[in-house]
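Structure first, commentary second.
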Amino acid sequence: MKSKEIRNKWLNFFESKGHLIIPSKSLIPIKDDSLLWINSGVATLKDFFSGKKIPPSKRLTNSQKSIRTNDIENVGKTARHHTFFEMLGNFSIGDYFKKEAINFGFEFIFDVLKFDREKIFFTYFSEDLETLEILKSLNVPDSQIIKGSRKTNFWDMGNGPCGPNLEIFYDRGPKYSNRGIELLKNDIENDRYIEIWNIVFSQFNNDGNGNYELLKQKNIDTGAGLERLACILQDTPTNFETDLFLPIIKEIEKLSIYKYKIDNYFLKDKIQEKINLNFKIISDHLRTAVNAINDGAKPSNNGRGYIIRRLIRRAYRSGIFLGIKGKSFLHKMTQIVRDSLIYDIDVEKVSKIIKKEEEMFSKTISEGINLLKEKIKSKFPKDNSIDIENKSQVAKYFKENNLTFDFSIAFELFSTFGFPVEIIKEILEDEYEIELDISNLPKYLEEHANKSRSENSSAMQKVINSLELVKEKVSEFVGYSTLKTKSKILYLLNETEEIHFTNSENEISYLILDKTPFYATAGGQRHDKGLLIQDKNRIEVLEVFKDKHLNNVHKVKGKILKSELINAEVDSNIRIGLERNHSGTHLVFNALSREFGKEIEQLGSDNNEERLTFDFPLSKKPSWEEIKNVEKRVNEYINMSVDREYIITTLEGAKKLNAVMTLEEQEYMDPNEVRIVNFPKITADLCGGTHIENTKKIETFKIISLDSKGKNKFRIKAITSKKIVEEYLKDEISKNKLVLENLIEKNKSLFQGYKMNFSWSKNLDEQNEQITKHIDQARSDYKKLLKNSENKLEKLESDFSIMKFKNTEIIFDMNLKMASLQSLVATLREKNPKAIVILGSEISKGKFFICVGSKEFSAKDISNIIFEKYKGKGGGNNILSQGSIDKKIEKAEDLFELLKEKGII
């Protein structure tokens, strides 16, 4: 059955049951700060369920486009993980409840889709006896009903509506696993029993403290993955062989030197697995990029745009692995993606955006890979005994010699050649099994930006000084009162001489005008940006700086004729951003002085249109509470709506007025004519920069970081304007929620009953602080849980078999209880990061469940070797893998020899 038919059958069926069909909404949430993307069918209907809006019908159904990107690296490594998917849903808002919802499910599954009754299994919440009775009344055999726990069958976000849920599974048979119903009973990840439908019975309200009351209005919220249903109805090993993905894969094959092999799911050829993986990455990421761009997202360096950029780049790199030639290829498949779906997609627009992103990336990727290989080769012995193309040999050499890849080298490849650090990390870890810690990336980025600014400014100053043509101050700055002016070109220069014209739109030159509205970088404020316009030529102003005579020098790109007048136009949006942040710097200086006293002075500042920094001395590091007091005081100043005043006087006159002045301000100002920027009743400062007309126009002020810059020196980084602060908070909330989710999962690996109760404020600032506190709590809980597990381990460790080879330990035991395996392996893995942990439990006569964990080695590779030797099957990831085997591993020595033979150790 084709995917379009499945989708239509769903919508038509529920329409026949009185449901209103709701068209799929945009992937970009509208007025919902809690989501980066629409990630489920119910996400667009939340206002109906909460009562904020009246639904057009109490019965709704949809097929909703969704994106989830919290686990991008796992795409293609599992049978069903995608970044873009479609969720089929039916919803009742205070109308029908359990009996009708389950009956609808039965009718659709058995009468419409014609599933075999013997292959459908149900899991329910153990305390939900009503659901159990309904299932029995529908003649479901006891053998196909599995009792679930609160963890598996109770939908609860920690605060608000919640309730038990019924999960419906399809059994794909023993060819996907010899193990039977125990997989469902023990909630073991597998490819045999596939969850096709989840029906949530929203009947309780959690007050946030774990107290549950019955809701006055009971609701139904369901979700069925279209890709999963297609996989079953089209009888494919994974979702990637369905008609939603295969046409894209076939199109990729036309460009690749390789072929995608469907049967390799069963054959398990390692080389072909890698080939298939890259086909899957391209097909998945392309679907996401096409749909997200069509809905308004654009590749960029932050938020949604960064995710799209990352997906396109990952797909492009997979294309290189598959031997696809040319600067761009992904954009050619936009139409194929469009044809596999039902949504209106502007193929031309989307294709152009993807092509531009590809071409931009193609300039760095191929050279970057070669440079990366050279950096890896620098670690090899001088006898050239290691082949860089033999990736398993390289991986083994790095492990045996405890070699690492220095992050500073990775950053050098990024800063010098533009090779993205995330791509470097993926190549190292995926292809060479070399870990790369990128946690220091933000710090390196800031240091690199500061260094680049300094070097660039010095280089341009050298250009002007070396010509010795400009003998005095000849240029007037008029930017305090206007952003536009018609000017005469006094000097047109290149790097060696004075010139009369430039020939190319890409030619760089330097201008001094008789008058200019462009502010030059000085006093901690960055230069203005904008255009010079001469006839039809639009000349981009790249940078503005002062020469030794204090003339404003414009570094520009474009065609210019010196003899003609030129229009100078400052970008007003960038100017107002600069003014907000420069005025914000004055206010934060004053607020810091009021909080900490006379010890505060300005050691340095840097303001651009996006943010400000302020460096100051203090004998001890400020507490975050003190920093929040400073932030609060600045916002109070903003809300006072104080008009800015300019006072022109001499340096001596400024001193008599007690104006605040820094050495930097005194150095670049003419002592006979200095400017004081005065915000009455707040602060008066010697300053030549541009400033906001009224404090209210700063809108809002937020401190986003406090860093140490040496002994007793600190730097505040802050942002202004409602738009920038809101975007920052949304981005932080999104990132922090992912961190929190991962921490909760990590804690659950140590204690399955672990959970946290959430209650988020609608205020973004408060919500972000709440999430941060939950992150701190989760980290604290992890330490306690780990300690608790370690205490339990002390009683068991003497029974473990431990073998050591060079720096590698194998920790082994096959006689443990099933329930404790995962937490034991997780604890031992964290406690012994260089060890391979293999623990097992007998689950039936002659059958054993094993769990493998390691931080140094791939747990998945090790478990696959064990499954091959001991007739088993399972799955997992690089740090934790599990499954069953039909033969007991008798002793650690057997494992040691097996892993040594396979080149793991």
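Sequential numbering from 1, following the chain as shown.
Placed from the backbone N, Cα and C atoms, the Cβ positions cover glycine too.
The Zn(2+) binding site feature in Swiss-Prot is assigned to HIS582, HIS586, CYS687, HIS691; the stated evidence is sequence analysis. Over all protein chains present, the Cβ of HIS691 (Zn(2+) binding site) has 27 other Cβ atoms lying within 10 Å.
In terms of local Cβ density within 10 Å, HIS586 ranks first among the binding-site residues HIS582, HIS586.
Within 8 Å of the centroid defined by the CB atoms of HIS582, HIS586, CYS687, HIS691, the record's Zn(2+) site, lie the Cβ atoms of GLN525, GLU579, SER583, THR585, VAL677, ASP685, GLY689, THR690, excluding the listed residues themselves. All protein chains included, CYS687 (Zn(2+) binding site) registers 26 other Cβ atoms within 10 Å of its own Cβ. The DSSP secondary structure for CYS687 (Zn(2+) binding site) is coil.
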